[in-house]
Amino acid sequence: MIRDLSKMYPQTRHPAPPHQPAQPFKFTISESCDRIKEEFQFLQAQYHSLKLECEKLASEKTEMQRHYVMYYEMSYGLNIEMHKQAEIVKRLNAICAQVIPFLSQEHQQQVVQAVERAKQVTMAELNAIIGQQLQAQHLSHAHGLPVPLTPHPSGLQPPAIPSIGSSAGLLALSSALGGQSHLPIKDEKKHHDSDHQRDRDSIKSSSVSPSASFRAAEKHRNSTDYSSESKKQKTEEKDIAARYDSDGEKSDDNLVVDVSNEDPSSPRGSPAHSPRENGLDKPRLLKKDAPISPASIASSSSTPSSKSKEHSHNEKSTTPVSKSNTPTPRTDAPTPGSNSSGLRPVPGKPPGVDPLTGLRTPMAVPCPYPTPFGIVPHAGMNGDLTSPGPAYASLHSISPQMSAAAAAAAAAAAYGRSPVVGFDPHHHMRVPGIPPNLTGIPGGKPAYSFHVSADGQMQPVPFPPDALIGPGIPRHARQINTLNHGEVVCAVTISNPTRHVYTGGKGCVKVWDISHPGNKSPVSQLDCLNRDNYIRSCRLLPDGRTLIVGGEASTLSIWDLAAPTPRIKAELTSSAPACYALAISPDSKVCFSCCSDGNIAVWDLHNQTLVRQFQGHTDGASCIDISNDGTKLWTGGLDNTVRSWDLREGRQLQQHDFTSQIFSLGYCPTGEWLAVGMENSNVEVLHVTKPDKYQLHLHESCVLSLKFAHCGKWFVSTGKDNLLNAWRTPYGASIFQSKESSSVLSCDISVDDKYIVTGSGDKKATVYEVIY
């Protein structure tokens, strides 16, 4: 099966001139130039054909990866369903055993025999049951979808799976997919040609070996396609090993899980639309990061933690230990009609039940196969890759052990809004669970900001004319300095007046003088906690003379910055193994620490004693903020709740329940609004006394930090997607957006609202000047 390469590499490139032995063979300069030009044109044509061949192979490899991810999710669903059904059978057997003794003797014998007969299911019976269900579902879909879907030989839609609870449907699907292993992937490729030019620069497909069925399916292809593919796979396997080695060297045991999900060379053109519009010119498919599956919860987190490790990559977790509450991948997107952030879940509806689970597929699989989690059939899913911009750069590092969440994060395209560091402006509606009729405002453009009323109705927000203009509203931000800390920067804070920046990494806080931009070295280094423990939060007292530092240790360090050499003047010890966040009361008398055990510790800074603990969070408390008058405290936790506390009475006031873990929050200095950043990539802005809220959708991954400007008119959020977003309070008009080279784990805004500092996973902090 060796492919004839004569078409691609003809042996005789140019017709030979007639042989004239009697006449000497001479070239003039003009003829030589013509021949060189001719040769160049030929090489150019050869290059073009090779380039097309390469693109074709790359696109087919991407298709293979999508199918692999689909099978991965399907096998996971089958495994869960199998265990579920086994548990149900066990319980029913126990009930039968308890009930049978109450029957009469003759009935007991009959029932026992009937139970034994019921347990004896033959393969013939199983095949008949599966065949009947398969036929019924084929017929139902033939009526429901009159237009044949080309990737299927008969034009019939494969059996859809109504829910994970249908084991027969799952079995039917698996057998159907096995039987249709000859589907022509190459034909499907035509449906994607318009996307490949755009995609090939940024999605690098992982070197996953195709399954046997797909190898059989591709026999009709030219043999060299696969030989080229196998060579490419071997090369990529080496690349993967090299990539993991280099990541380990630069990120300390792969602490930063997110550095590989963006291509540094991705296009960064300016956005082609007005930022005040709540949407874009081109309506697109819904797209969203995948729910995090249990196999990759640790590896998909984004700020350091001492607790969890991902065994498959020996990778430290970088969030406050992110947990799933159920064995199935969590669908953490708030949905219209469900009171996702109400004070309590609606009685009768189990928490976590999301009717639009299907819209949160782990990857925008461009074939009409449903996944085991009830994917809603969508016309655009058939052969339409929803990843818009850079989409061929980082499936390269996805191994079979990694979850679909990682694949989705890698395939997620970037969305650009601002002239700061613009990039691909198509965000493709990364809005989970929003019906198609809500994907735009009257101008016909998809929206990213939605108002959610008390009854759960979602409507795109029409921005007012002054959304992005007026006093106190920035125009953009300019990067003016980079502070090379040397470790992942998990905490930053700015002094008042704006002169020093404090960056917290592993085992120390470094102090930088930003009044001299040319100064590339820290003015001092404050060693605290243990050398291997990450600083998670550092807070300055309003007088600027005291710094409090907390992190992956049970102690908080209090630093005296007014001394000739900064020194630790006290340490506060709690029972929790880690502190995730700190807040200081306006009068500087009290410090609040978010503990990994879910408690909020209240410290008397004068007497250096623990005076109280607020108990309520059932998992780690991850973020905190305090009202300007010092009477109310807001905390967010990994238990999917945000709680408010009355500091005068020492009791909990409110509780807001979400379907996703809370990673960051900020309370507006002017009151009324609370912004919450979540694991599911949403930012929600809640009114503190009314049930209304806004839901904002520009982040591609976990929202790791959030901070309000001191004027209260705008706020910033940062995420695992490398983005710094600035939003208008409260409705979330995008003011500007900047993209960094790695996960942005922390941020702070100066008291005069003129500077922003961010800390990132590539071991540096970045200083921005806010331009008004």
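Placed from the backbone N, Cα and C atoms, the Cβ positions cover glycine too.
Taking Swiss-Prot as the reference, the stretch among 1-24, 625-648, 649-672 described by the feature region 'Disordered' is residues 1-24. Summarising model confidence by region, the repeat 'WD 6' (698-737) averages a pLDDT of 95. Mapped onto DSSP classes, the repeat 'WD 3' (574-613) shows 0 helix, 22 strand, 18 coil.
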